[in-house]
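Structure first, commentary second.
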């Protein structure tokens, strides 16, 4: 705790204000870093305003203004707010929120400052909330937290904030807090992807890992190679290049980066529907033909197009589950292998490393699935982030080698594994057995993965939520504030799940397996 935070503790104790690690009655998810509260209540004015006097951020792009509007919308979405404030003591009416942002820059990138401080009400302006942040993206998180402090009173028909004065000082534990969606196994309509992005912002997740293409379909338009999306399921199950740009912009305005994945050389059968020469042969269609220079020209063209719209510093190049048997049984490739003195495993390494060089040439740093590290980790570019998925223990080895790591071990953080309960998502610790501080800093964070074999637009939300929220708190909240027993946070998570429902997100009950339905009549909070 810094000097200012310690000073605030002394002051609040002197004033009789409650300071606690887990504040009783604080139904905010994820739990903030530091919280204090009082015992009064205030009312939100019906013309609640945004004030930015003194802020260095001009908001020319209106990211803050739009975030403020969304905050008001979700606060008021569940009920008609038509109460009469005329009989309320004016000193108890909050007229607006004063947002002070110290950086004029709104470029979103990995590691951007996301901290904020929220005072309800402001000591200097008692009729306003005070929110300050280094960047507009920290301010957006503060608005999300404030929205969870607001409650509709069914008697007064007004929006109230209970237990004021609140002081919340907050920042994320990890800079990478991701959710993967898969639009190859099932197409996800653009409005549904936007709904997922909105719900990610509610839980302070900040990376949408877009697994765009795979064996089953290639739904994205690639201007450099316009026949690639011939591999889409149908002409209506596609994303134009402009659709992708819109998704990136929509996410960025909510503080969420989009990590595009181009999985090579395996998981790529769909590429050949538009360009059959990418297949090793008509009868053996993946991995992509390692012997064909055209293969790498296509990868170069795709990544060149990606660089125009996907502004995140990382691109994901896959590299998992590669079976080289098509290479070793197809005559023209076996001839090429012999000429280059390679076997199938060596050709796999050659392909991955060549794809990495292409990505680097377009200004990207690289994420690869862990098989690349397991098979030839010492050959990978030092700009590689290894994405752990097969199980435990890999992250330790990755950071010990000096490479960075993202944790998504499938036994804990795969959302398509419906038998994994939310408690296991909550308990999964990315830094397990990593005690060296320098090595800990190489763990960028973690990601929950919504693979698409059994989800489409009809059930993706209830498969993601609330289990993804359990991981979101693990990735946001300081380690010493996390519950050792997940059941101690069950009530707060149930409240968040109900809040998602009120905001139009189809989050499933906590009880039972992932994507479960209520088993009997009862309160949302009890399910």
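Just so it is clear, glycine is given a Cβ too, placed from its N, Cα and C backbone atoms.
Quick caveat, the model's predicted, so the values are computed rather than measured.
For 1-20, the entry in TrEMBL reads signal peptide.
Sequence annotations record features per position, and here TrEMBL assigns domain 'Beta-hexosaminidase eukaryotic type N-terminal' to 28-149.
Taken together, the residues of the domain 'Glycoside hydrolase family 20 catalytic' (174-478) have an average pLDDT of 98. Per TrEMBL, domain 'Glycoside hydrolase family 20 catalytic' is recorded for 174-478.
The active site, proton donor annotation in TrEMBL covers 321. Counting every protein chain shown, 12 other Cβ atoms lie within 10 Å of the Cβ of residue 321 (active site, proton donor).
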- Query: What are the helix, strand and coil residue counts for the domain 'Beta-hexosaminidase eukaryotic type N-terminal' (28-149) according to DSSP?
  - Reply: 31 helix, 36 strand, 55 coil
